Amino acid sequence: MSTKLKALSKKRTAEDDNDSNAPQAKKVQNKQRVLVLSSRGVTERYRHLMNDLQALLPHTKKDSKISSKTSLATLNELADLASCNNIMFFETKHHAQITDLYLWLAKAPNGPSVKFHLQNLHTMDELKMTGNCLKGSRGILSFGEEFDSEPWLQLLKELFTQTFGVPTSSRRIKPFFDHVLSFSYLDGKIWFRSHQIVEKDATTIKAELGNKNKSPATTLVEIGPRFVLTPIRIFEGSFGGPTVFSNPEFLPPTKIRKMEREEKAEKYSNRKDTQEESKQRKKDISKRDRGLAGELETAKVFA
């Protein structure tokens, strides 16, 4: 009897060893890190916008500025050195005394990438909103239903998700959500807003309404920043490659300013022509009046 028990125990231990040596399913982690950098010549407002976005996204890593003459393809190498698989690059272009800001979002190193024209930006310091959120907390991404209407909008939605979505594997995050990042598509532009999630506790609601079954009321209070993105072009690769989508309605800011100058010049020319015609008309009237006055002189009438 004892020999049978020993044999059974040896068999069980062998089975346990086989189970422990069996390969276990690996847990898939969303390891997204974003490299944030800008070109040289960025203004103070643009730099404050970068700092605001870094405060909202704890999985970002900031790098030094690069020269405007540097090829954008080198950004993939910088992302590889920083162990980042997403790139958020702020590019500035100077024209006279005006600085235009462009935003690049790219998946390193194979793409895709998209270029936006960033305008109507307002930083947190400018807005002075009452909303606030804990630094390092995760944000809920909210997209309008328009992002599911076109294939290129679905691609932008995925890029925004991987860039602005804070993964659970980040070391500096807090384990809860307390703000919402919203993306809305309207009039060919993407509108970005950031709101704090504010909840009233049950005791406050009971005191106000006297309803014991009332659930906590949730409201949104804007934090900032806010800006508008105009899609220009989507590339298959990272900062280059075949064009996936090109916005036919986009006009460069330089062309818009040129059209405005031409319109002002045309108005000025028309105003000057009107003034010259008015002067000439007044001269003709004065000559005619002087001629009539000469014919009606007393000497000529009673001659």
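Residue 1 is the first one shown; counting continues down the chain.
Using N, Cα and C of the backbone, Cβ positions are placed for all residues, glycine too.
Since the structure is predicted, the reported quantities are computational estimates derived from the model, not experimental observations.
The region 'Disordered' feature in TrEMBL is assigned to 1-29 (among others).
Positions annotated as domain 'Brix' by TrEMBL: 32-240. Looking at the domain 'Brix' (32-240) alone, the prediction's average pLDDT is 87.
What TrEMBL records for 255-303 (among others) is region 'Disordered'.
For the compositional bias 'Basic and acidic residues' (257-279), the list of distant contacts is 95, 98: same-chain residues at least six beyond its ends, Cβ to Cβ under 8 Å. The compositional bias 'Basic and acidic residues' annotation in TrEMBL covers 257-279.
Shown for the compositional bias 'Basic and acidic residues' (257-279): DSSP residue counts in helix, strand and coil, namely 23 helix, 0 strand, 0 coil.
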